[in-house]
Amino acid sequence: VERYAFGL
């Protein structure tokens, strides 16, 4: 999902 797209 987009939450993990940044790898934060």
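Yeah, the Cβs are placed from backbone N, Cα and C, and that goes for glycine too.
Taken from Swiss-Prot, the feature leucine amide covers LEU8, and the record attributes it to experimental evidence. For the recorded site, LEU8 (leucine amide), the DSSP three-state label reads coil. The Cβ of LEU8 (leucine amide) lies under 8 Å from the Cβ of no residue that sits 6+ residues away along the same chain.
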